[in-house]
Every structure is written in C-alpha cells, then in structure tokens.
Amino acid sequence: MTNELLKDLEWRGLIYQQTDAEGLENILNKEQVTLYCGVDPTADSMHIGHLLPLLTLRRFQNHGHKPIVLIGGGTGMIGDPSGKTDERVLQTEEQVEQNVRGIGNQMDKIFDFSGKEAAQLVNNRDWLGKISLIDFLRDYGKHVGVNYMLGKDSVQSRLENGISYTEFTYMILQAIDFGHLNREYNCKVQIGGSDQWGNITSGIELMRRMYGQTEAYGITIPLVTKADGKKFGKSEAGTVWLDAEKTSPYELYQFWINTTDADVIKFLKYFTFLDKEEIERLEQSKEEAPHLREAQKALAENVVRFIHGEGALNDAIRISEALFSGDLKALSSDELREGFKDVPQAEVSNATTNIVDFIVEAGISSSKRQAREDVSNGAIYINGEREQDLKYEISEADKIDNEFTIVRRGKKKYFMVKYK
C-alpha cells in the first residue's frame, strides 16, 4: 500500500536518500512512528537553513506521527565536520548552554507540543555527558571500525586538510544519540540534511551491532539550491535568522517575496504546507500572470505566518505596501527605521535647512544645479511628500523623532538622512 505521506514528500522533492524505502513505508502504514531530527546549537537562534529538515519532521507530525527534536548540547561542544572544509572553533560551555536555550525557545513555533502526537524536546548533553572515556571506548568504540568511518564523506572530504580526533569522533556521538532515542522512546527514524547521511547510517549500523536492532531508518533531504547558483539562506544583509530581533518579520517577508520565478514553486513545495492543488494553481498563475507575483506572496505570507504569527505578518505586509506606494505617513517611526535600515545613509548638519543645500550635503544630488533641477522637476520627496519649492526649509516637523528624514529621489531611490 502506498503511503500518502511518503507520496507527498516525493512530490515535494523532499526525499534525497533513504536507507530502506520498503521497510519505512511498511512501518508508517502500520503504526504511529517516533522520528527525530537534531540541531546543533552553533548560535542562539536558528536560521532559515535549519527549516527544511524541521518542517519535514513537522509533516510527519501532521500525519499522526511523534516527533522528537534533539538539541545538541553535547555534540555542540564537539562540532560536526559534515559539510565543513575547516575545523570548527570550539564554543565555551556557557555559550553552548545559552544557544541551547535560544534554539529550544524557537521550537514552539515549528512543532505542536500537545495532544496525541505531542513533540518532545531533548538535549543530548543529558546522556552524552554521563559517558566516561573508558565507557565510550569499550561500549561504543569497539563496535565502530576505523575503516568504516574513513569511508564516510564527512570524514573523507576532510582528510587532505586534516581533521582532529575530536571531530572524527562526532559520528559516533550522533550514532549514540540514535541508539539512546531508540531504546528510551522507541524512535525508529532519523531525518537530516543530505550532509548527515554518514552520521545517520552510522547510527543504524551501531544499533544493529550493539542491540540487534534492524527496524531503524534514515531519510535525508536535499540541499536547498537556487537556480542562479547563489547560496540559499543569505540576503544582502547576511544570514536570515528565525529570531525576530535578528531578522525582523518584515525582513523575512522581503526575503521570500523576492524569490525568483525559477525558484518559487520549488520553495512553495519545500517550505509551506499548501497542498498540491493550491501549489499547482499558483504555478499556473506564475505562468499566466507573472507580474502579479501571486506565488511569491503566498510563499512569503505562509512562512512568516508560520514562524511569527498573523499579527507580525500583517505588520510586514503593511510596511511593504507603504514603502511600495510611498505613503510613509501610515508607518510609525520604528517601522520607518525597520523599512529603511538598508538604504543609503547620510548625515547633514542640523543647521542646514534649505532643501537645495540639504540634498547636496546629503549626497542625494551631485551639485546645486542638479539639486535645483531635481526639486523643480518634482523628483524629490521629503518623508513621502513631493517638494518642488526651491525655497523650502527643512523643519523640525520633517525630522522623525528629531533623528532622521526619509528622502526619495525619483521613483525608487531612497535615503535615510540623519542629523549631526
């Protein structure tokens, strides 16, 4: 019998590799399965690069299965070599603990921690921290061959540049995690990114050797790529975080709304819970009326609503619409700061009041002659209001919070002018 969940994951392109497709399908059809996905606390917030495996785990929860979210308070002290060309810098214990708390607090946004399919949050420091070196070598190291470990991509790719024994053993620690969750919670499936294949299969092999456990499975999801070859998960401002203090809901909305036509349908399949019928409708809209950007709006709205809630989404849309229309009066001073923090910044003297002198000093127009032309031609807007009077004086009323003024030149060129 075809499993509907696996069928949906295949359609979305979310299954990159799996250890035993037939065995996994059988257990998903006959029982409620417990699965897990791990996140190492490399920062005090997750970023959008963490989303895909976690959203895939959430899809299993939506279909009646039980997710375990593992935060690597133990493995985070070591550092995963997978996907890295250089040795990681070790974090302090205090930093790891702070990061564990920060990431743990974000899991409420992604998983449901109530009901029959309630998610569980665990920290592998709780069991890895209790294993002595002698126990590690006798109880676990004895079951893992060095040749087997050397054959894994995560290790092989590092041999030329060097890999420390610390990072070399990471694979065994993750294998211990899978075994622990299997014994304590009857967890049978691990989900991870494509770079986790070696770590996942090592866990399955360790369980087979130590406990004779053959009912354990692994799924990896694809690396998220963009059609233009650029790295996914970065904006011009840098990493796109899930913490609203690091990346505001407005910035998150802008990140997704700017998705290209070449990527948007794939990202709708990856990052939203919209069904096949709706995504196919959006794909048709993209082909027939690309200027409406309906697919991009659906992507941005669904992700921001899921991560930050309806209120934050509405604020993000309101800021976006106000900036697009130039109606800045609709925005608060904080929203203006938020919306314009990435535009060119300039400083002018508080004593400069004439509009021509003002826009020259701010570098908005290259000369007084150019400035006079810009003003006379209606190309200059002060806080969203067109100003064509060459004698206009910048007043206190133009200084938002007595701190800055938003100036627009032409249709789209914005500047934030501050006072000194």
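Cβ coordinates are placed from backbone N, Cα and C, and glycine is handled just like the others.
If you look up Swiss-Prot, you'll see Tyr36, Tyr170, Gln174 marked as L-tyrosine binding site. Summarising the annotation, Swiss-Prot assigns motif ''HIGH' region' to 41-50. Positions annotated as motif ''KMSKS' region' by Swiss-Prot: 231-235. If you look up Swiss-Prot, you'll see Lys234 marked as ATP binding site. Taken from Swiss-Prot, the feature domain 'S4 RNA-binding' covers 353-420.
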Review point. Which of these binding-site residues has the least crowded Cβ, counting other Cβ atoms within 10 Å: Tyr170, Gln174?
Key: Tyr170
Review point. If you run through the domain 'S4 RNA-binding' (353-420) with DSSP, how many residues end up as helix, strand and coil?
Key: 19 helix, 21 strand, 28 coil
Point to revise | Helix, strand and coil totals (DSSP H, G, I; E, B; other) for the motif ''HIGH' region' (41-50) | key: 3 helix, 1 strand, 6 coil
